[in-house]
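Novice: First the structure, which I've put down as structure tokens, then a few questions once you've had a look.
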């Protein structure tokens, strides 16, 4: 324990590890710096000591300065006179203190250093990569004016605009830009060898998710081949690739790394690449090269370095932001729970899971009373309440509306779901001092990956949870008793698929049935029939509820309307005054532009408005001051007639009959069929006819099959008869031939 404490003290205090590393690394950095003789003195093409000092400050902060001072004294007092050495050391220390103070004044904590963060780039580029080399060269040039430092065979020159000064400035800039990360991570690994594994992990984390080992090996092979070409081949006038002209070959490879391999890996590779290139400079830099050529090489490498660093930084940041956005997309932003995307991801990751579906329909009513915030708060608090029932790796997922779903491990899941059911019954939410305890329906099942039809499965579980509300206990979808309900849901989904296919391939067929007027003014009602891909005919009573439930009402209504108007348009000579009644869903009348669309289609087909009868089922949507009520008034205003279909069934009442403003009233066939045997049905029909006459509405009787029924209905004042007595439904395309046969018969 004492030894460990002593080592920590040495690493923390200036007289310990900072002093030792400074004395070891600064001479090493000086030996690795590349110095070249040109007429008039020496110049550096890359100057490592300044980069090493910056890295020491980034690791040890101000504690690195005494060690740097000692290393400078040990190095320069052996090579220069005392005054000259003190002057050079003063230049170094002044530069380091001023620029590090400026950097630390903006970056308050030295531990915020993280290579690859764009929000630190501006401060680091200015203070460490620009200000420090610039101030260092400026102070050197100012000192040269005092004639203290030697001029002959030296790197110091009095002329600040000379090529010597430019090359020295470029060498310090290049080292500060490209080699500080390499020096920094080397020091960190020396201080703590375990940091090497952390560094490898960080590099892997910054790699693009699509990078493969094969791609990385290909890149590495190309890089080694390019490096061997530059450092091992002999440069000749005929082989320019092995000269300084071959250096730009490295740029595409490093840009590849910047785009794919992340900031840390790219900067470390580029720093080591520069070190290797300058250690073997004799192979690709000719000894007879002009100073201007050296300046161009250094300028190119500076531009390459800045481009590579910024490109790798931007790409790494974009990948990080994209990963963060994808992770945030897995959470509902309002409820704060994982959403359906997260459930899909977790089901893929787990070979077998148990799903527990929670349905809380009362939340809809409660949120209309107390506000939407109640639904949000209830789901949040319910998830917290159920959290103790979950094991590691399990979670609660938010579904749209008022549903939640739990993903559990399959081990003993039935007993655990029973515990969840008990815990749900004990839960209530206190809202404005009132206990909120809505009923919760529960259904569950086990599934194995891959889950192909998750949405359909959740729909089935929702239906089973509805049954749970009635039964009072959790419903297992995999019990034999649950099979009929699942078959019903599966059948509904199959019909939905058939409807979608029929809309795409024209699988809907329009049928027409004559509605015979007692005074001879007949018209026809358009009926719809669906034919599946297998050729099976499906009745409207089977697929119309599915159309209504899944919101395909306008698609179906638009198809019927367009084909009906097209028939009138192309058969105007055969049927000059034909009238067609097209059945619409009540929801279609609530479309804001519905009347304008009807008028536009009538004008396009050159059809009079009275030839189109809009038939709609009686619904609550058609109540007074509703969208449907206003739409009916607008349709009648443009000249269309409106018929209320199946009156007496569903929402119908005398109060609604009083409010309805329509032209035609169709009595439901269930009353007509029993009128001769049931006096109550007869009286209902009689009263409806009387009310309709008072409102100046014409009456249509559905389901008239016999002549006796027709006679009775005429006596009650019915204006139109529909049923077998008037004619069976036929295809709209066969209407012409059917009409010819009907005209040759005997009218009733």
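The backbone N, Cα and C atoms fix where each Cβ goes, glycine too.
Among the features that TrEMBL reports, transmembrane segment is placed at 15-38, 50-77, 83-103, 124-149, 169-191, 212-234, 254-280, 292-311. Residues or ranges marked as domain 'EAL' by TrEMBL: 492-743.
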Novice: Looking only at residues six or more beyond either end of the transmembrane segment (124-149), which have a C-beta under 8 A from one in the stretch?
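Specialist: Distant Cβ neighbours of the transmembrane segment (124-149) are 50, 54, 80, 83-84, 87-88, 91-92, 94-96, 98-100, 102-103, 106, 156-158, 160, 165, 168-169, 172-173, 175-177, 180.
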Novice: Quick one: average pLDDT across the domain 'EAL' (492-743), no decimals.
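Specialist: Mean pLDDT, the domain 'EAL' (492-743): 85.
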Novice: Let me spell it out: take the transmembrane segment (254-280), skip the flanking residues so only those 6+ beyond its ends count, and list any with a Cβ under 8 Å from a Cβ in it.
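Specialist: Distal contacts: 32, 34, 45-46, 115-116, 174, 178-179, 181-182, 185, 199, 202-203, 205-208, 211, 215-216, 219, 223, 227, 230-231, 247, 301, 304-305, 307-309, 311-313, 315-316, 319.
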Novice: So which residues does the transmembrane segment (83-103) touch in its own chain, when a touch means Cβ under 8 Å and the partner is 6 or more beyond its ends?
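Specialist: Cβ under 8 Å, 6 or more out: 53, 57, 62, 65, 68-69, 72-73, 76-77, 123-124, 127-128, 131-132, 135-136, 139-140, 143, 148-150.
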Novice: Under an 8 Å Cβ to Cβ limit, what residues of the same chain, 6 or more beyond the ends of the transmembrane segment (15-38), are close to it?
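Specialist: Residues 9, 44-49, 51-53, 56, 60, 63-64, 66-68, 70-72, 74-75, 155, 163-164, 171, 175, 183, 187, 190-191, 275, 278-279, 281, 285, 291, 294 contact the transmembrane segment (15-38) from elsewhere in the chain.
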